[in-house]
Amino acid sequence: MCASATRPQPSASNNVKKIILPDLVSHCTFKLRHNRHRKQVTTETKKWLFKDGNLLGQKERAYHGLKCGLLTSMCYPDAGYPQLRVVNDFLTYLFHLDNLSDEMDNRGTTTTADEVLNSLYHPHTWRSSARVGKMTRDFYKRLVLTASPGAQQRFIETFDFFFQSVTQQALDRASGVIPDLESYISLRRDTSGCKPCWAMIEYANNLDIPDEVMDHPIIRSLGEATNDLVTWSNDIFSYSVEQSKGHTHNMIPVVMYQEGLDLQAAVDFVGDMCRQSINRFVEEKARLPSWGPKIDQDVAIYVQGLADWIVGSLHWSFETERYFGKSGRQVKASRIVDLLPRQRLP
């Protein structure tokens, strides 16, 4: 069920100039680590991304401000160089797709999905000159060299879900719909792009975990709790930028609309949900069953990879210029965000 958003959002947000962020960094006690291959991988990914000369001017500046290599390093700290390079290429490319989908109507999203998914499902036979297709085939051919069959399958399936969800997001945007909270959470778990990143944990750490283990309810719950923390905290951190563009695919306006909250109360509401997701992760981790020494060891590495994503994404959000410009560290210390002014429509 979805509610129409053509009615105005709660008026309290129109006059608010600042918000106070929840202190999620202090609530997360996982150890932050870095991968020693970060600088080399960042250099090589930049060459890969820019080799056709298609990212110039503002897009090039946005790439440097993104600091994707730092995110990759924090979230995959134990990966070897070849695997880290593929993961960093993918994450950089994923942010590129995210920017595309944010600006696309439904037709544009579908075209991108066709290019990407055909390149994944048919990497050796699909022929296209589209740059996004060539980039997809390039990193995926490197991934399959060492990824387990299960990791490959989970990567493709979850990336397919990503495109289905961003298509729905584009339709919602075009029709001016704000979904209810339950519908939003379900959709956002796929639009976040997190699920293929969890398959990358398997790949980056050379894991071959049986499908029946990966499908276990506790393993799924751990992935979901991580997805929720990364996604919902991102909704908080990106709110200033998104509201300046009039975007509503964000949990904060959804909560304001459904619960009748003012802006700061909605931020606090989502912050509480983020804390609960970290708590849920810790509780579910303590409930993990045993599948025998070898599988237990691989599962422990996978679960550690999820924890690395929780702590890494939180700290990276204040290092990248994507959300707070060059003021990220100041915002991290004060937790005060000056909201950007609304952009005028052309």
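Glycine is treated like the rest: Cβ placed from N, Cα and C.
Keep in mind the model is a prediction, meaning the values are calculated, not measured.
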Swiss-Prot annotation (motif 'DDXXD motif') - matching range among 98-102, 103-107, 148-152: 98-102
Nearest recorded site to TYR323 ((2E,6E)-farnesyl diphosphate binding site) by CA-CA distance, among recorded positions PHE95, ASN234, SER238, GLU242: SER238
Residue among binding-site residues ASN234, SER238 with least C-beta crowding, 10 angstrom cut-off: SER238
Other CB atoms, at most 10 A from the CB of TYR323 ((2E,6E)-farnesyl diphosphate binding site): 19
GLU242 (Mg(2+) 3 binding site) and ARG322 ((2E,6E)-farnesyl diphosphate binding site), Cα-Cα, nearest whole angstrom: 11
Residues near GLU242 (Mg(2+) 3 binding site) in space but at least six apart in sequence (CB under 8 A): HIS249, ASN250
Beyond the site residues ASN234, SER238, GLU242: chain residues whose C-beta lies within 8 Å of the centroid, for Mg(2+) 3: ASP235, ILE236, PHE237, TYR239, VAL241, ASN250, TYR323
Listed in sequence order, residues with CB under 8 A of PHE95 (site 'Plays a critical role in the stabilization of intermediate cation') and six or more positions away: LEU66, CYS68
